[in-house]
Amino acid sequence: MENGKEKFSLFSAILSVICVVFVAEAAAPVAAIGNSQFFWWIVLIVAFLLPYGLITSELGTTYTGEGGLYDWITKAFDHRWGARASWFYWVNFPLWMASLAVLCPDLLHTMFGFQLNTGISLLIELIFIWVIVLISLYPVSDSVWILNGGAVIKVFLALALGGLGVYSALTKGVANHYTLASLLPSFDLHSLSFISVIIFNLLGFEVICTFADSMENPKKQIPQSIIIGGIVIAAIYMFSAFGIGVAIPTNKLSTSSGLVDSFQVMLGTPTGWFISLIAFLFMLTLVGNMVSWSQGVNNIASYAADNGDMPKFFSKRRASNGISWGAALMNGIVATFIVVIAPLLPNQDLFWSFFSLNLVLFLLSYIPVFPAFYKLRKIDPETPRPFKVSGSDGILKVYMALPMIIIIISLIFTAIPLQYDKASLTEQLPITIGAIIFIVIGELIIKRKLQVQVSQPSSSHMNSYS
């Protein structure tokens, strides 16, 4: 320990990466792709995770501190792009929080068997949201037991699901038969709309960089935890996805309850102590997700606010520990608004409605990271790089372009309606409209800041927006 602060060991850092990057609730939407998910996993692990992991390791160990991707993008380009990235990166979090909150009433129903009315369900969702807000007001090292516990529970759920899948496949057969044709991509628009979930499942490594001050040796631990954690996470995802695919036909899979449904099908019962335990553990992983992400998201939002690139309210911090209560409070307010208006939405698959919108905004924040990596190599070659991606200039361009192109293509399939039947429009139009609304709000914030900087020529950011 140093200065009385508990430090992350490498083991804790790896578990934290697993807790951050592996999100159990995303297993079912990925399984909705069908058997071809394994093809996409392999392709995206090589074409996306590898360059993304290498780039994040270099940027995270070279440019340390609270800013994360906001810092990288701002250094490479300007504050306008940094402001966009910080806005998308922050606003996805309360949407994600809302998507997990709406799962809690159904999980409690599975655990205890009683039906909840709308008022009680809303109360449970609000309790989930504001408990997360409260926990996020304390340093991440104070919650290390939540991070480690969340990682262990997620791994247990994935191994149990995959193990039951193997047993069921050997004894009862599979719901989705495996053929060479089914393992190859079909390129139907419904399946392709879920590809962004795989990318989401492979993102998040940069959050570990915001824990640098809590690590024993961040320059070594960050790349080690990303590499080891990435290998473990890829294996966990594919094993758990196999279990879901064994249990439930793809066309009957629920994106919100698919994980618990799979246990119920393979065990042959919708109730019982083990099913209740699975639902309880699954709910604990939702808390772990929010706690592990809240610190990094709030840090970046408040740091950007300090630099004039987010509304000033986000920069408000607790005097006792420097944690941003402004960003935490805004998380709670936005998530509360979302769950309150949820019953009015046309698509009542609320988890997917909010989760997919969170996906779109989250992925948007990453697009500038990859060109920022390449540009920083060109304009800032003298800065020491404890971990440096090797390769020629051509290889670096491939590392830059490949993940960026993959994100853009996945966004098109997720956010833009490419089929015009009523069911498709009901599912995708709210995502499209929601994304446009949040993009416009972000641009209005940037425009307002630009006007303020023009009226205050002494500001250090005035030229950054030009």
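Every residue gets a Cβ built from N, Cα and C, even glycine.
As the structure is a computational prediction, the values presented were derived from the model and not from experiment.
For reference, Swiss-Prot has these:
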TRANSMEM  8-28  transmembrane segment
TRANSMEM  30-50  transmembrane segment
TRANSMEM  85-105  transmembrane segment
TRANSMEM  120-140  transmembrane segment
TRANSMEM  144-164  transmembrane segment
TRANSMEM  192-212  transmembrane segment
TRANSMEM  226-246  transmembrane segment
TRANSMEM  273-293  transmembrane segment
TRANSMEM  325-345  transmembrane segment
TRANSMEM  350-370  transmembrane segment
TRANSMEM  398-418  transmembrane segment
TRANSMEM  426-446  transmembrane segment
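Contact between the transmembrane segment (8-28) and the transmembrane segment (273-293) is supported: at least 3 Cβ pairs lie under 8 Å, counting only residues 6 or more apart in sequence. The recorded stretches the transmembrane segment (120-140) and the transmembrane segment (325-345) share 3+ CB pairs below 8 A when only pairs 6 or more apart in sequence are counted, and are therefore in contact.
The stretches the transmembrane segment (398-418) and the transmembrane segment (30-50) are in mutual contact, each linked to the other by at least three Cβ pairs under 8 Å (pairs 6 or more apart in sequence). Using a Cβ-Cβ cut-off under 8 Å and counting only residues 6 or more beyond its ends in the same chain, the transmembrane segment (273-293) has close neighbours at 16, 19-20, 23-25, 93, 96-97, 100, 103-104, 107-108, 110-112, 128, 131-132, 135-136, 140, 143, 146-147, 149-151, 153-154, 156-157, 160, 204, 207, 259-260, 263-264, 267. Comparison of 30-50, 85-105, 144-164, 325-345 by number of C-beta pairs under 8 angstroms to the transmembrane segment (426-446) places 85-105 first.
The transmembrane segment (30-50) makes no contact with the transmembrane segment (325-345): fewer than 3 of their CB pairs lie within 8 A, with pairs spaced 6 or more apart in sequence. Long-range contacts of the transmembrane segment (325-345) within the same chain: residues 90-91, 93-95, 97-98, 101-102, 118, 122, 125-126, 129-130, 132-133, 136-137, 294, 297-298, 301-302, 305, 313-318, 353-354, 430, each at least 6 residues beyond the stretch ends and with a Cβ under 8 Å from a Cβ of the stretch.
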